[in-house]
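Feature annotations, courtesy of TrEMBL:
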type	residues	note
DOMAIN	5-68	domain 'Chlorhexidine efflux transporter'
TRANSMEM	12-33	transmembrane segment
TRANSMEM	39-58	transmembrane segment
DOMAIN	74-134	domain 'Chlorhexidine efflux transporter'
TRANSMEM	79-100	transmembrane segment
TRANSMEM	106-125	transmembrane segment
């Protein structure tokens, strides 16, 4: 969650987040709801598409506010980030899940709460891992380009 991430990098980060989320959550959700994989797969993919857009927009705004207010990346800030992100996603996704699965809003909300119990730590851990690995991976990548006589601007 460093403030110097470009929109392009935010999109890359969000895509990684959502692809891993689909792989982990589709079978878990289908099993928990006793629903066929393909029906739950539609909900999962749609939710991830909603989340992808929300992820890019929310993280960009969160970075800007953090920079403006001079706030670091402490554990409480990361927890606040994860809770606000997931709260916004509930507002977006519950009505869609209720409509697609032909269930009530309460049932969709309960399903989403179950997902939240999974995704809250997932969001925290994914973003922590991304931030932890970001600089070493960038250094490795730039050394590799330099050995080939390239710069990141020529790629």
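The backbone N, Cα and C atoms fix where each Cβ goes, glycine too.
Under DSSP, the residues of the domain 'Chlorhexidine efflux transporter' (74-134) split into helix, strand and coil as follows: 57 helix, 0 strand, 4 coil. Residues of the same chain lying 6 or more positions beyond the ends of the transmembrane segment (12-33) and with a Cβ under 8 Å from any Cβ of it are 5, 39-41, 43-45, 48-49, 51-52, 55-56, 59, 101, 111, 114-115, 118-119, 122-123, 126-127, 130. Under 8 Å from some Cβ of the transmembrane segment (39-58) lie the Cβ atoms of residues 7, 10-11, 13-15, 17-18, 21-22, 25-26, 29-30, 33, 84-85, 88-89, 92-93, 96-97, 100-101, all in the same chain and six or more residues away from its ends. As a summary of secondary structure, the domain 'Chlorhexidine efflux transporter' (5-68) carries 59 helix, 0 strand, 5 coil according to DSSP.
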